[in-house]
Amino acid sequence: MTLLSAEENAHVTSLWGKVDVEKVGGEALGRLLVVYPWTQRFFESFGDLSSPSAVMGNPKVKAHGKKVLSAFSEGLHHLDNLKGTFAQLSELHCDKLHVDPQNFTLLGNVLVVVLAEHFGNAFSPAVQAAFQKVVAGVANALAHKYH
């Protein structure tokens, strides 16, 4: 459960309504794979990940980034039950894909960087603080099956 104040909730809701999920999702996943190259091992089937430009231009990275951010977006509607919302994804990533749960935190932090880049001054420290709470809550929910 992620508890946001009314003001924090308003920050998240207002900004998220302006997010291009496809663009931001692709960029966030791409940056994760570039900045933390060991995460690429989970995406070997995506083809060319040999350079930053190859990763950022890879259509499979963009498509999966959209899928990831669409799931994140769904979670924003269930902040009071993130563990339930992400239970199946947590189980998949834990039992089948064997993803290091720390990667969820890394992706959340990369998402915050991408949002800051896209929204500039509108992504104020207060907005960032609200999003940091949300991405931490989502990362915790996705890591739930690991405990």
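Using N, Cα and C of the backbone, Cβ positions are placed for all residues, glycine too.
Here is what Swiss-Prot records for this protein:
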BINDING   H64, H93  heme b binding site
DOMAIN    3-147  domain 'Globin'
MOD_RES   T13  phosphothreonine
MOD_RES   S45  phosphoserine
MOD_RES   K60  N6-acetyllysine
MOD_RES   K83  N6-acetyllysine
MOD_RES   C94  S-nitrosocysteine
MOD_RES   K145  N6-acetyllysine
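Overlay of Swiss-Prot annotations on the structure.
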{"residue": "T13", "record": "phosphothreonine", "CB count, 10 Å": "12"}
{"residue": "S45", "record": "phosphoserine", "CB count, 10 Å": "6"}
{"residue": "K60", "record": "N6-acetyllysine", "CB count, 10 Å": "15"}
{"residue": "H64", "record": "heme b binding site", "CB count, 10 Å": "18"}
{"residue": "K83", "record": "N6-acetyllysine", "CB count, 10 Å": "16"}
Cα-proximity to S45 (phosphoserine), 10 Å cut-off, over recorded positions T13, K60, H64, K83: K60
Distance, T13 (phosphothreonine) to K83 (N6-acetyllysine) (CA atoms, angstrom): 20
I'm trying to understand the geometry here, so how far is the Cα atom of the residue listed as 'phosphothreonine' from the Cα atom of H64 (heme b binding site), in Å to the nearest whole number? 23
Taking DSSP states H, G and I as helix and E and B as strand, how many residues of the domain 'Globin' (3-147) are helix, strand and coil? 119 helix, 0 strand, 26 coil
